[in-house]
Every structure is written in structure tokens, then in C-alpha cells.
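The structure appears below as C-alpha cells.
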Amino acid sequence: MHILLQKYYNYLRIERQLSPYTLINYQRQLEKIVVILQQNDIHSWQQVTPSVVRFVLAQSRKEGLHERSLALRLSALRQFLNYLVVQGELKVNSAVGISAPKQSKYLPKNMDMEQVQQLLTNESKEPIDLRDKAMMELMYSSGLRLSELQSLNLNSINIRSREVRVIGKGNKERILPFGRYASQAIQQWLKVRLLFNPKDEALFVSQLGNRISHRSIQKRMETWGIRQGLNGHLNPHKLRHSFATHMLENSSDLRAVQELLGHSNLSTTQIYTHLDFQHLAQVYDKAHPRAKRKK
């Protein structure tokens, strides 16, 4: 089983050119599936029938996987089995036609503009703080994904034109603007970057000089949020969601926000219209003389 998995990982990395972060997610899901299969005396992919696929989902649910994670696991298995069919290892893809449990509607959490101001108002001149502030200013200014921020190089940034070149999902490149505050924060970081003895051209590096990891970015943002007195857990997704919501609140241009976020489908961006409506409804309830609800 593992030999075919390794061939698939090589295919994803070399031919599909998936990012390391995405590849790790595929590997994590498929390795978990293998554990479930082998614990139940299934030791080859030819033994995987539709009933076995349903059993894997049921077992995963017993282990505490939520709807969204179950859908991801099924998707990873379905794509892998399809690869085996194309390679002639299987005759049929047993995961085709099997649906994951229906996902409940998910509205991403975001910060309001006052909370963003609270987060980014910090005048520390410590090099690590300058780096962290630059990362967060850029992520909020351009709506970057965590993987896009982490993979930036020095030549990805054009300070003069205030543009950043990012490689998004599917290896698609897009050029994004960033604002004055992000520009100032990046320039302050670049003045002290050499103190970290960088080993490559990564824009953001760790204290050891290596490209900063996804996990380190997440931990630093969580720490920063606590230090700045924010309520709730701060993570990269929340900054990206806040960017999208604030852009819609101020422009209502769904297509433009789609392009900025790098969404291939407009339906993915449309989830933010629900957030926008919630904001408008709250304003209406507070402002309209006949809209105020009884306590």
C-alpha cells in the first residue's frame, strides 16, 4: 500500500506541483486511512470496495472527525483511487458516488476594523516584533493565505509600486496591491532582517535564519493577539477573512474581492456576502427607528 502511496506523493509534488503544505495535508489524510484499513485486515488497495469506503468514513467519525474533516478525507481518498485507476492499478474508483456527511453552513469569523487597529497598533522596535507586524500588515492589506505569506521571497515584493507577487492554489500567480501601513512595516522589517542571518531569499525568516514555518506564523500571531488584548483566538485565517469582509463592506464589488482572494469560483467568495449582510442588519437594527427590537 505504501509503495503506491509514495508514487502518488511524487506525482503530486512533481507533476501537479502542489505546495509542501497541501502535500502534507494529503499525506496526513491518506496515512490515517491506511491505519484504519490495516487495523481491519485490509492490506491492498484492490480490497477497497464502496462498503470499505463507507466503513472508513464511519470509523473516522467515531474517532471524532467533524463534517468538514470527513469531507476532506473522502476527497483525498477519492482522488488517490482515481490516480490508481488511471495508472491501471484499479479497475474502478470505489469512492465515486459516495457522499460525505452534509456540512453545516460555515461563516468565517472576522475582526471589526477597531479590533484590527488594536491588533496592529504596536510601536515595539524589537526585530522579531517588526517581522511579526510586517507579516500581519501584509496579510491583512492583501488578503493573503498562510501558505502564500510563508512562501514569499525578497523579489516577491515591490516597495515602489506597493505590489506583491504571490503563488496561490494550483500554482496560479497573481499580483496584489498593499497599502501604506504594510509598506512601512515591511521596510522597517527589511532594515533588521539581516540580524537573523538569513540563509536564503525568504522574505520572512525565523530567528535561526531559515524560512519561517507555517506553525511558527500561527503561534506568533496567537501570542501577538493575546499581548494586544484581543478577545478570541487570532490566526491567519481570521486576518484573511477580515480583509474580505471589510473590502465587501466598503466596496460591495464581489468580483474584485474574488480576484484579490484568488478564488477560482465566485461561490467561494459569496460566503462573505452573508457576513456583509449580518453587518448591514446590525446597523439597520441600531439605526432605524422602527427596527429596534424589544429586549
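Here the Cβ of each residue, glycine as well, is placed from N, Cα and C on the backbone.
Straight from Swiss-Prot, the features:
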type	residues	note
ACT_SITE	Arg145	active site
ACT_SITE	Lys169	active site
ACT_SITE	His237	active site
ACT_SITE	Arg240	active site
ACT_SITE	His263	active site
ACT_SITE	Tyr272	active site, O-(3'-phospho-DNA)-tyrosine intermediate
DOMAIN	1-85	domain 'Core-binding (CB)'
DOMAIN	106-285	domain 'Tyr recombinase'
The most crowded of the active-site residues Arg145, Lys169, His237, judged by neighbouring Cβ atoms within 10 Å of its own Cβ, is Arg145
Integer Å distance between the CA atoms belonging to Arg145 (active site) and His237 (active site): 7
Take the C-alpha atoms of Arg240 (active site) and Lys169 (active site) and report the distance between them in angstrom, rounded. 15
Determine, to the nearest whole angstrom, how far the Cα atom of Lys169 (active site) is from the Cα atom of Arg145 (active site). 9
Counts of helix, strand and coil residues, the domain 'Core-binding (CB)' (1-85), according to DSSP: 69 helix, 0 strand, 16 coil
The average per-residue pLDDT within the domain 'Core-binding (CB)' (1-85) comes out at 90
